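Lifted from TrEMBL, the feature list:
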DOMAIN    147-183  domain 'Zinc finger Sec23/Sec24-type'
DOMAIN    220-459  domain 'Sec23/Sec24 trunk'
DOMAIN    464-548  domain 'Sec23/Sec24 beta-sandwich'
DOMAIN    559-659  domain 'Sec23/Sec24 helical'
DOMAIN    685-734  domain 'Gelsolin-like'
Amino acid sequence: MPTESLIGYGAPSASTPVLIKTDVFIRFYLLQCLLIVQMHSCFPTLYSQLSPSLSGLSLQSQTPEALRVVNLLQERNLLPPGPVTPPTPCLPQDLQKINCHPEVFRSTLTSIPQTQSLLNKAKLPLGLLLHPFKDLSQLPVVTSSTIVRCRSCRTYINPFVTFLDQRRWKCNLCYRVNDVPEEFMYNPVSRSYGEPHKRPEVQNATLEFIAPSEYMLRPPQPAVYLIVLDVSHNAVETGYLDIVCQSLLENINALPGDSRTKIGFITFDSTIHFYNLQEGLSQPQMLIVSDIEDIFLPTPDSLLVNLNECKELVQDLLKSLPQMFGKTMETQCALGPALQAAFKLLSATGGRVSVFQTQLPSLGVGALKSREDPNQRASAKDIQHLSPATDFYKKLALDCSGQQVAVDLFLLSSQYCDLASLGCISRYSAGSVYYYPSYHQQHNPAGVECFQKDLKRYLTRKIGFEAVMRIRCSKGLSIHTFHGNFFVRSTDLLSLPNVNPDAGFAVQMSIEENLVDMQSVSFQAALLYTSSKGERRIRVHTMCLPVVNSLSDIFAGADVQAITCLLASMAVDRSVTASLSDAREAMTNASIDSLTSFRTSVLTIQQPGLLAPACLRLFPLYILALLKQKAFRMGTSTRLDDRVFAMCQLKYQPLVYVMLMIHPALYRVDDLTDEGALNISERTIPQPRVQQLSVEKLSRDGAFLMDAGSVIYLWIGRNCNPNFLTQVLGLPNYAANMLPELDTAESQRTRAFVGWLREQRPFFPILHVIRDESPLKASFLQNMIEDRTESALSYYEFLLHVQQQISK
């Protein structure tokens with residue numbers, strides 16, 4: 001609650017004689033008590049500063065739960081029974097109710113320090129995490145010829161502006177006073193006039209505008225899809241071509257778009273193959289360009305065709321493609337020239353390029369040589385080759401971005417492909433990277449199922465074209481680093497040729513000017529894009545947070561998961577620009593420094609042990625989890641592409657999915673009950689308690705489910721309850737990677753729970769059944785964060801190390 005609100009309710013001074021009726025006084029007294037409790041739980045320091053003026057009505061001093069001191073060396077059971085919930089910013093109730101949802105927009109600190117020096121003292125990072133194009137069940141859409149914005153800083157009007165009267169409003173970012181336009185006086189929802197503060201723009205922190213013509217540099221582009229396929233011997237042998245063509249045939253009518261939607265195809269091996277799909281042809285016509293040093297388009301007007309008008313030819317091509325290359329012996333792969341061809345084909349319109357690649361590019365521009373030495377994986381003191389071997393892919397991506405073309409990369413390979421180099425084509429063009437190691441239609445059925453499910457989601461999910469996103473913040477704050485897949489066009493403008501609902505972004509911030517006179521600050525993300533139906537739209541998210549002037553208030557508002565995810569993105573950058581060991585050291589220091597600051601500057605009574613506020617009790621555990629994560633771990637035999645892909649995901653995935661990658665959730669599932677279950681669409685979803693990630697928690701007579709984000713493990717104890725084996729798996733020695741549909745209560749509960757976990761993310765996690773002899777047992781055990789490994793400390797040893805550093 002802002003200071004002015006609290007001070008406004010101060011008790012009458014002793015020098016002023018006041019007569020108050022008894023019942024009025026009691027009500028006034030209760031209101032005072034309520035305010036003191038709320039203020040005390042939000043801002044303990046502010047409360048202590050104001051308490052003298054409220055001394056006549058003071059309550060017993062209580063520490064807010066967020067600042068309850070936890071001795072990490074003694075309290076081992078720190079995990080909550082369910083998901084970790086983000087802290088709620090301490091704002092007046094009316095503002096809090098309409099604040100932006102934390103799944104869309106959240107800050108590492110929900111109480112913003114008044115000064116940079118105060119932030120530096122807290123040793124906590126300040127930044128924002130965004131999921132701007134997230135699929136939302138409810139999204140207010142406003143159609144208006146006038147979009148009201150601040151005349152000075154161009155902020156969109158939002159719930160946190162101040163109306164000085166019916167005709168004037170004050171911007172919450174730059175504080176300029178603006179006139180209310182005449183059209184804004186009418187409320188289209190209530191159909192009333194004269195209440196601008198009740199308009200949907202001022203009642204919703206997330207909403208979407210249908211933009212008028214001034215928001216268009218050119219007529220909105222159509223949805224344009226170009227499929228680029230590796231058809232070398234290696235590619236055909238994996239069997240992926242059948243899956244892609246079949247999936248496109250099944251989903252061709254569900255591709256987002258309208259009557260203008262265009263589609264085209266390019267295949268490549270040592271040469272580039274185009275396909276003439278012009279209306280009037282009896283069958284698709286293949287055109288081969290063998291001069292890969294000087295790529296040209298053989299028939300520019302007939303390679304990208306209207307999907308509705310040429311659908312039969314497109315379907316014919318998809319049915320025949322797998323057979324056309326079934327007997328190929330061509331082993332070379334000219335990916336670079338194929339991408340150049342794709343860029344030439346799409347540069348006039350913009351659109352999406354979907355590239356399917358199965359090996360290291362070996363011919364033409366962008367050809368790469370293997371940089372991985374498997375013998376040095378475990379022994380090397382530091383990890384080499386995390387940065388690209390060539391700037392070809394980055395330069396081409398920037399060219400693509402300039403022409404509103406995004407490139408999505410599907411890497412299906414059992415060999416090293418140099419993802420550190422290839423990934424640049426997607427990173428800088430705002431595309432996505434999908435990676436399927438050891439992909440093979442016969443030998444890896446689980447991988448095939450995952451690819452099929454991902455591909456269906458990819459082809460049918462919502463898409464935005466020719467997008468830009470700008471993040472604005474209150475005067476005094478500044479943004480200095482972005483994380484995600486994009487090109488930074490100016491200091492606060494991201495170029496996003498495509499935007500998809502599964503992409504996350506993060507930004508780091510600093511405090512450039514003291515925020516001394518402010519009770520709150522605001523942040524606004526505005527995403528301008530063209531929908532697949534050709535509408536220009538603007539999605540706006542606004543978040544408001546209180547400003548505080550003490551370290552204890554900063555710590556009380558710390559969001560441990562947001563801090564962890566921002567540090568993970570920062571550590572990826574550090575690994576590439578400096579070294580992996582530098583990044584690891586910086587993450588460890590982050591936990592040491594913040595707990596040192598808490599101990600020395602917030603705690604009034606010094607106690608023995610490793611002390612943390614309750615809100616940061618999981619911080620050392622999450623840092624240890626990051627150190628053991630595929631992206632950052634040392635000493636174990638981690639393939640270079642696996643490591644680089646993990647780094648890509650940490651930078652690009654929204655927070656909720658990143659956290660499962662960092663710290664998987666472990667549940668015991670052989671004793672599921674309906675107690676505390678959720679009821680969703682007439683389904684009962686059991687809610688087992690989250691367990692600590694330690695082998696100690698596994699029992700041989702049980703079954704445990706581990707949700708690690710992109711993969712789910714079902715671990716079956718050696719002496720597992722025979723009832724579970726027969727009622728849920730059907731067979732005592734069941735080893736398939738999917739749960740059988742059995743007509744038993746136990747089977748229904750287990751499948752309902754696994755299905756519910758899967759529904760909460762856009763990608764499809766594979767299920768692996770793990771037994772003592774399973775080859776994947778090592779992967780499962782590697783996620784036991786709290787246990788010691790050959791090259792990494794146990795959680796307890798890590799805590800001792802942190803304590804030792806703090807005590808120095």
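Backbone N, Cα and C define each Cβ position, glycine as well.
Highest Cβ pair count under 8 Å relative to the domain 'Gelsolin-like' (685-734), across stretches 147-183, 220-459, 464-548, 559-659: 559-659. Tallying C-beta pairs under 8 angstroms between the domain 'Sec23/Sec24 helical' (559-659) and each of 147-183, 220-459, 464-548 places 220-459 first.
Each residue in the domain 'Sec23/Sec24 helical' (559-659) gets a DSSP state, and the totals come to 72 helix, 3 strand, 26 coil. Mean pLDDT of the predicted structure over the domain 'Sec23/Sec24 helical' (559-659): 95.
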